[in-house]
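S.K.: Pasting in a structure now, in structure tokens, and then I'll have a few things to ask.
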Amino acid sequence: MSETYAKRLSAILLDAVTDKDPQMQEQVCGALCDFGESKPAEVLSACEEHLRLHEKLAHPYRTIILRAMEIVVSNHISELDKDTARAIILLASNEMTKVKELVSDWQQAASSVLVAVGRRFISSVMEELLSKFQPGLLPHPCTVHTLASLSVSNVFGVVPFLTSILSTMLPMLGAAKHDSMKVVFCCALQRFSESILEYLANLDQAPDPTVRKDAFASDIFGAYDILFHQWLQSGGAKLRLAVVEALGPMSHLLPSEKLEEQLPKLLPRVLAFYKKHTETVHVSKSLGQILEAAVSVGSRTLDIHLNSLLAALHAQICVPVESSSPLVMSNQKEVLRCFTVLACCSPDRLLAFLLPKLDTSNERTRVGTLQVLRHVINAAAAQMEVKKPVILSSMKLPLLDTNNKVKRAVVQVVSAMAHHGYLEQPGGKAMVEYIVQQCALPPEAEIQKLGADSEALAADSVRAISVSTLYLVSTTVDRMGEVLWPYLLEFLVPIRFTRALSPLCRSLVHLAQKRQEAGAHAPLIQYNGNVHLPSPYAITTRLLAVSSHPYVGDGRGAASLRLLNVLHQDIHPALGQRWVTAIPLLLEHLDEYSEETLSQKEWEEKLLVFLRDSLAVVSDNTWVCHLTLEMCKQLPNYNGTPLEKNFLYKCVGTTLGAASSKVVRKHLRELLETARYQEEREHEGLACCFGICAISHLDDTLAQLDDFVKSDVLRKSAGIFNLFKNRSESEANKVRSALILCYGHVAAGAPRELLLARVEADLFWNMSECFSTKVLGIKVETQDPALRLSLVQSVCMATQAICSSAHSSSFHLSRKAELVAQMVEFIRAEPPDSLKTPIWKKAMLACTYLVTLEPALEEQVQADLIHSCLHRVMAVLPEPEEGDSPQEVSAAPTVGGDPQESLYLDTVQVLKDLLTSLLLWNMTPLGLQVMLEHLSPWIKSPRGHERVRAVGLSACLLQFFLQHLQISALVPFHNLGLLIGLFSPRCADLWPATRREAVSCIHSLLYLQLTCVGFSRDYQDDVAEQLLSLKDGLVHPDPAILFHTCHSIAQLIAKRLPPDHLINLLLTLFESLGDPDKNCSRAASVMINCLLKERGNMLQEKVPEIVSVLRSKLQETQEEHILQAAQHSVFALATHHCASVVSNLLGSPLPFDSHTCTLWRALALEPGLAAQVLGLLLEKISKDVLFEESQAFLLSSTPDRVATLLPLAATCALHEVASAPASGPAVLELYPQLFVALLLRVSCTVGVQPPRQLQAKERRSASSGLASRSLEPCSSAVDALQAVLVRGGNEDVVQCMELDGGWQLLRTSAGHEEGVTRLASAMAKFAGPRLPLVMKLLFTTQSSMYEVQRVTSTAFLAELLSSNVVNDLMLLESLLYNLMARQKDTSARVRRLVLHGLANITLGSPDKVQTHSPQLLTAMIGGLDDGDDPHSLVALEAMVGLARLMDLVDAWDLHAVLLHIAVRIRPFFDSERMELRSVSIGLFGHLNKACRGDCKDVFLEQVVGGLVPLLLHLRDPHAPVVTACRFALRMCGPNLECEELAAVFQRHLQEGHDLHFGEFLNTTCKHLMRHFPDLLGRLLSTSLFYYKSSWEDVRAAAPMLTGFLVLHMEAEQRPQVDLEQLLTALQLLLKDPALKVRLKAVKTLGRLVKFA
């Protein structure tokens, strides 16, 4: 392409620089850079020319262009010729110095261009710069700045010029008047000095290795003299800081004698800057360079100023470091660098200065000093070697500091000391102890109040640092092994180091393993008289105790066990083999669980088994005695951690179990004397200890307890005057409580063969003695709740142990009645309506065990026990949640938390066990009735939570009774009807749980009856089993479903209830009509009516009385069970006067009240009568006018449709009749007529208003404040249709429609068609046999005068074709014929539905498509050409239908119309309507799919024509269009005869995969240009059409397509491209309002470089 084009393209891009959006400017810059990649010289020339010709272009835009030039130059410096470089140099120089004012971005960009060119053309750049750097004239600041930058970027090129530059610059320094210019000179001198130093440091690579520092010394000193003596004295803050920055590197170039001469003045001046500037990092950096220079020349001046230097630097290091301030952090690094220099030259004076600072109490001073000390220990290790003792001794006071920041700094110093051998010195162990102390810090000690300038320690706590330091030192510093082992063992046992146990154990394990590797058989712990080391017994006790809660303290349980395992040889030589296998199993158990999931009880049992096994392995009484002594000795250590202390008590008991009797007696006595009885939490541990010990030493244990009970500890004086001489009553109660608990645990642990003989005399008697006291000889029972709980728990444990004995059945407990009475008293004494302690649960559990023992309880005692337990448990209030309905309130108690809720559930379970235990004493129907009579008041309670609990208990009792009933002869079950009547109404309780349990009760009662009459226990009764299947229906909140289920239950009861029980059942149900739960009352009514229907022939003389009662109730109430009774009278009347009754009822006011509705439903009780009624109602609906049109207002433009009264009333009546379950046969008889009439009724009432008189009635009701049920014509028709479907046995249709929202759609104008479609689909699926007659009637409505009826019938018939049922019923031909006959209907809606129906044949009868393919294709193409549909909906349906037919029609028929279809649908690709776009593009994909045969060549033209729209609409704003494009392109691929392109489409366009559009388009264009180079022009011209698309994303995609096509085209394809047209279009896009479009246009312009 010509040079003219390259210039024009560059000009377009350069013109676009002025876009206001920064992203656009950056994109233009990028495009220029892209252009420059292939044509660097042309782009640079164009930029140079643009800037030269557009002098008035604003400097921000000039900056963008200069930046692009810099990038191009940097990337292609090797390709530039001298002329281009010269032009660029002149331009950049001119841009840089065009204005005298400083414009940073613009001038910096120009300077950067010069620096970039200078990397290769240094001579030319220097020539230009030096031309503006003339002696005697002050240069432009940017000239100096550029020289400085060049000296850094091209050291070897610039340094040879620096001698002349410095000599020229030196006189200029005096001429500089403004601080800004002086700052530039300072920066230049700094950079020049740095360049010289780098040059000198790399002389071996330098072009002139003869260059020496002396060559610059004179000029540098001259400059130094001006900077230091003039500018530093009088300049502003910014200038003074620049001077200080320059003096650092300059000091290295000063002559040695001059530097020594200047240091006395230089150092104080530099240090003074710390007080004047906030950004001190530059001062510190320069000071470090000066100090290094001074040290390098051996200056003595440093000694004089050392104190001031140290003081200033120390003040800097003590500045608080803010983590968000990198400048402060950098300053600290530079200051520490200065300290390193001073430490190397004056270590003694440095330490003399630093170490006294550690004694100060100031936080910042101490932290800063420690920071410096750590640094010099690491950085100047050689100089500090001889100072170790001094440094260690200076740490005494910091070790006592409680400040967290100081602690952290000390830990860091100790870490450094450990790595450099300090801790091996005397005093080093104190440092180790300090680290361990910090590892043991409690959480509260780590949290300090943070001030405004304080550092947060939350993320980097002292403890965390200490833990990591301890482990690091233990594992990585080899020399620390001798220091830490065995010293760290001393910290295991003291309680204050508990929190450090986990890191301690980890370190000790590592150290021990290393020592084992060094000497495998040598003992690890060498005591050698070291009294501070813990004994093996102390170690074992401590590690076992803390392992009881293994996840506390960073998982110290696992760490402790691992240490035990490593130390097994030192604990006892015999333990090795056992522990090597046992401890890993314990660790595996911990790995399998977490703190939340681990069972604490199970874990403690595992540890006790481990201890017990270890004791058995050792089998050494002396060792066991020592271990026991140590455990008892450590018990007081755990006073602050009661859970661990309780476990240690268990360990003591376990150890005593392996000891001799003498040892047991001694230690048990000591435990009793030293126990902290005032701490109730310790009682359990002490009792467990005695219980475990009793397993092996029952006599000794009981003896010690008896001795202690008889001692003075519990004795109270008989005299009133001595009452106050003994310990307080409260303390004594706590002792007695603990002792009672001990007796309980002893009973639980005692060998069962010894227990029965001792339980009454030694256990229960002593418990009683401990529980009561005597005052003046009178036995007084305490009211202390803790003491009561202890007694209850102990009785419970003792009775449970008795029951678990093999001889419990023959054991006679003489104190049984007394104990039961005491438990009942405790239960009654607890506050009602709440559950705060486990006394109820434990007392009832004790009674449960007691009940099973001989002798039997008296009836009154049983009754009192049952009443007390029920009264307490049932009355606990539930906990309502906000927004809960009564049915949703939980039966859980109001106890506020999961532990209490669990306690309640456990209590209920215990109550069930207690009642079943009592029932076992009288396993007869009478005994069952007595038990249920106790529950009866609760079953009928007005409080729901009490009912649900009582019915649940009843179900449990009945199930238990059924399972344990032993029948040796036929036993009459006299109270069956009474009991069924008790539970039956509960099947409709407000609480779902009550309903389910009630069904379970009835189920059990029916099986009890069967068992009593001789059926075997495993007999399965079909009727009884059906009850269980009805439970699901009881969960449903819909009352209709609920009571229908109750009706079903009553039917099942009626089938199995013996005749002589029927009247008792009915009388009981009559009583339930007054049940406080209205649901149960209604359920009783439903069941009464069902029983009368099913078994009324047996109660002939009772029927009139029953009906009379119900009719009288009808006048008093609206309740359902009363209304049901009235139905019989209406039924009798209607059997004789059907038409008259119907006519009179139709005259009832609308909407019908409940009385009228009940009476209508009564007419359905007999199928013959119901058929007559339905026939009359159909006549009323069909024969009268459906609606009237009238104008509500005179000025109304469209008349309102108002329903006529008689058809509306008939519809409502039909709904009521069909709603009755008994109307089913009649509905089935008239099913087609009812269905069609109601469906058409629905269609004609959509949007129709109620009759005027009804509207007036509603308004009057509203104005008077009375609630009135509104009557909506369409809803009434839908309800009637639903009722007909249900009664016709098509509940599945109703449910399907309900789930799909079909009923709601039927009621709306917008969704009516869809609703009809869903109804047809449901009918085809669930009611296929009904369709032939329904279709026959619908065919007759196809010519209805009402368009809505034609639409409805067509929609229904059309949907039927989607089901195979029409084919199975041989209705396909007639249905197709009927639909095709409606293609010319005047209604576009009908025509559209016809096409939809014809296409549905692909779903219902795909095998018939080929047979009818000519007619189907003709109909669809006719739809494409439908000209009477302004919205193209018919055409849309035709395209949808064609897409569905495509794979099934005859190939020959399809090929004949393929081209016509493709041409016809092409205009819809770019339709404004999303549906037309998506469907037409999808159909195009199907056409391609069908065209993979012989018609490829014919169809290729259409594929090529659609390729660009398909690619661009992948960016369509609507997802369905994008999906259609993906499919169409995948189908087009094979027709393009390019395997690579087809593979790309398949790989990138799969559904569900994210599409990277740019990558995909790039790959597609690459293959298009490779295989179809001749299509370039056509593709480009088509893409230009979309530059004007109304969719922003498509407009943005169009230039992308253009760019990628151009990117991949070859040179020989250039004639196909109309560059003029393309550039013009892209120029227009650069003005597009959408930023993304402009960005893509610029990107494309950058790719047009191929034409340049």
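Every residue, even glycine, has its Cβ placed from backbone N, Cα and C.
Pasting the relevant annotations from Swiss-Prot:
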REPEAT    3-41  repeat 'HEAT 1'
REPEAT    260-300  repeat 'HEAT 2'
REPEAT    344-382  repeat 'HEAT 3'
REPEAT    385-423  repeat 'HEAT 4'
REPEAT    1369-1407  repeat 'HEAT 5'
REPEAT    1410-1448  repeat 'HEAT 6'
REPEAT    1616-1652  repeat 'HEAT 7'
S.K.: In the same chain, who gets a Cβ under 8 Å from the repeat 'HEAT 2' (260-300) while lying at least 6 residues past its ends?
M.R.: 224, 228, 232, 237, 240-241, 244-249, 251-252, 254, 308-309, 312-313, 315-316, 327-328, 330-331, 334-335, 337-338, 341-342, 344-345
S.K.: Are there residues at least 6 beyond the ends of the repeat 'HEAT 5' (1369-1407) whose Cβ is under 8 Å from a Cβ of it, and what are they?
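M.R.: Those are 1313, 1328-1329, 1331-1332, 1335, 1339, 1342, 1347, 1350-1351, 1354-1355, 1357-1363, 1415-1416, 1419-1420, 1422-1423, 1426, 1428-1429, 1433-1434, 1437-1438, 1440-1442, 1444-1445, 1448, in sequence order.
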S.K.: How about long-range neighbours of the repeat 'HEAT 7' (1616-1652): same chain, 6 or more residues beyond its ends, C-beta under 8 Å?
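M.R.: Result: 1, 5-6, 8-9, 12-13, 15-16, 19, 21, 23-24, 27-28, 30-32, 34-35, 37-39, 42, 1574, 1576-1577, 1580-1581, 1584, 1587, 1592-1593, 1595-1597, 1599-1600, 1602-1604, 1606-1607, 1609.
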S.K.: Could you give the mean pLDDT over the repeat 'HEAT 2' (260-300), rounded to a whole number?
M.R.: 88
S.K.: Residue counts in helix (H, G, I), strand (E, B) and coil for the repeat 'HEAT 4' (385-423), per DSSP?
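M.R.: Counts, helix then strand then coil: 32 helix, 0 strand, 7 coil.
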S.K.: Summarise the repeat 'HEAT 5' (1369-1407) by DSSP state, stating how many residues are helix, strand and coil.
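M.R.: DSSP composition of the repeat 'HEAT 5' (1369-1407): 27 helix, 0 strand, 12 coil.
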S.K.: Treating G and I as helix alongside H, and B as strand alongside E, what does DSSP give for the repeat 'HEAT 6' (1410-1448) in helix, strand and coil?
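M.R.: Split by secondary structure, the repeat 'HEAT 6' (1410-1448) comes out as 28 helix, 0 strand, 11 coil.
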